[in-house]
Amino acid sequence: MPYDDDEEPPPPKPGPARPVPPVWLTKVHNSEAPLAANDQKVLLELHGVPSAASRAPLDLVAVIDVSGSMEGARLDNAKKALTFVVRKLTDIDRLCVVQFNHAAARLGGLRRVTEAARAELESLVGGLQADGGTNIEAGLGVGVAVLAERRFAAGRAANVMLLSDGEENNGNARRVEPGDVPVHTFGFGSGHDSRLLGDVAGKSLGGVYNFVPDSDDPAQLAKAFSRILAGLVTIVAQDLELTVTPVPGEATIKKVDAGTYPADPVGDGSSPVTVRFGTLSSEEARSVVVELALSDRTGSRPYRATVAEALYRFTTAQGQQVAAHPEPITMRRGGRKAAADAMAVPPPPPAVVTEEIRQQHAFTIKEAMAKAEEKKMEEASRILNEALKKLVEARKKLLDPILEELYKELMKLLEFFATYELYNEHGRHYAIAAKSSHDRRRSTEKGDDDAGPYDTKRVKEYRRQVEMAGERAPPSAAEDEIEEMESAVAVPADRNGERRTLALALRLLTAVLSLLAFSVMASARTTGWAGDYYGRYEPYRGVSKVLAYLLMSASSAAASRHHLWVSRFGKDSFNDKINVAVWFSFLAFLALSANALISTVNLFSRI
């Protein structure tokens, strides 16, 4: 049956008069490279803006398993979690519920989540009943079709949430082609097929797998939903992609590491490589490590080379397609550091090394799982222990906090991989969720209720709201956005106050240091210059005092003249006072300069 009966959404909200770019690019690489042929690694990161005030409207399809095994607490908890989802959506969002057991049924079309519709949707969710077998393929197929056949799609972020607690006994969900729609899967209890749900999420563009262990606490499932939902209602860019183009004659591309996000084949290295990320939410980041092979330039003089260019494109919340200006990746070939040893290749910067460790961490989990599936638990533990030793050494040199998160995760993996029974009950689910999180660089639920390395502020806030759900109803996404904007306005005000306090302190410090410099010079008394009792230094003392009075504007000049006179006439205690006065005046000058910078920041913060 056709699914083109989706409700017409409200017209898009106009963008701000002075829009802030929702995405920006950072580049990390060595500033210098030898003239000889060598390889260089470049870290490219795309970041989402901290505020989601201008976010994409959401079209969400919740695909829910209502087979017989869901009867009881699991379905009750799923209903409560979906009620939390309904509460969080606003009238710019649309929701469709698809239920499945041995067959699938759509419970209405994509509907706007208005105040009037919210009560009806909650009633619809509350009426779900468990019965029959499990055909995930049927449910997922209907969910993807609802989004594929909708009439109103421009600028709207399409996503699927798939919830199931068991092994599929009808159909094969791996056969469903989700296209560019992210499918976020949730596996309930230790008996579900996490490999299947992990594959389904991994096949989609940006989808992640989440493990929700059995629990009598309804907040457990709501917390799991909150991780994904916090990202869905803060999407600031869609159709995000990054293209790296080598400069002919300067470099070729050897390798591009982007996790499991799809990328063009590198080929001979001379062609551009594009990585597709799909959606990007507020405060999220996407990382790519590009390995470049720099050409041999040993016959050239040192020069600044543009070895490649990075260009990113995306669709805004208003449905506009944006292409950023190409950003050059430049290095000085044969610079001072490289000239010291023409053949030495400098090591990658710490941020590049950290990103490689993060990507290798996901590969380590995959390797350990392969051994565990063969019930070779000792070999699996050996792989994890070797990775742990390398990580411990890396933590001694690198200060990135994500390394601490990776360390904690490896320790937990070692615990779950101790025996095959533990692995089969919890370890496999935990490992697949952890790998999914690192592959996508997104927050996922691993079943341990711990904070994750990719948790954004909105994720943390939603989890806090779930914990307080018994005390008060959670606010809607619109109320969250208002609170976020109020906080954004309040923070600069607080910072301005802090800057005013600091500026006042610096002014007082300037006055004190200037007074000390003046007092030290004014109090200078001596009878001669290095044993000269014939008054030869008296004219100099007068000149020095004049210089002392002008130290605030000419401390460097005073210091140079003082050094000249000491070289000619010798040194006594009077010189020591001159040195002290010069230093006091110089510190006063620094304090005054800092105060001027603060004034400049305050000025531009008001423009």
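Backbone N, Cα and C define each Cβ position, glycine as well.
Annotated region 'Disordered' per TrEMBL: 1-20 (among others), in sequence order.
What TrEMBL records for 11-20 is compositional bias 'Pro residues'.
This prediction places the mean pLDDT of the domain 'VWFA' (59-228) at 91. For 59-228, the entry in TrEMBL reads domain 'VWFA'.
Residues or ranges marked as region 'Disordered' in TrEMBL: 434-456 (among others).
The transmembrane segment annotation in TrEMBL covers 502-521 (among others).
Look at TrEMBL and you will find 542-560 (among others) tagged as transmembrane segment.
As annotated by TrEMBL, transmembrane segment applies to 580-604 (among others).
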Using DSSP, how many residues of the region 'Disordered' (1-20) fall into helix, strand and coil, respectively?
0 helix, 0 strand, 20 coil
Would you kindly list the residues that approach the region 'Disordered' (434-456) from elsewhere in its chain, counting only those six or more residues past its ends and only Cβ-Cβ distances under 8 Å?
186, 198, 201-202, 206-213, 220, 223-224, 227-228, 230-231, 234, 259-261, 281-287, 358-359, 361-362, 365-366, 369, 401-402, 405-406, 408-409, 412-413, 426
With Cβ-Cβ distances below 8 Å as the criterion, list the same-chain residues six or more beyond the ends of the region 'Disordered' (1-20) that contact it, or say none.
49, 51, 53-54, 57, 59, 91-92, 94, 96, 106, 109-112, 142, 145-146, 148-152, 155-156, 316-319
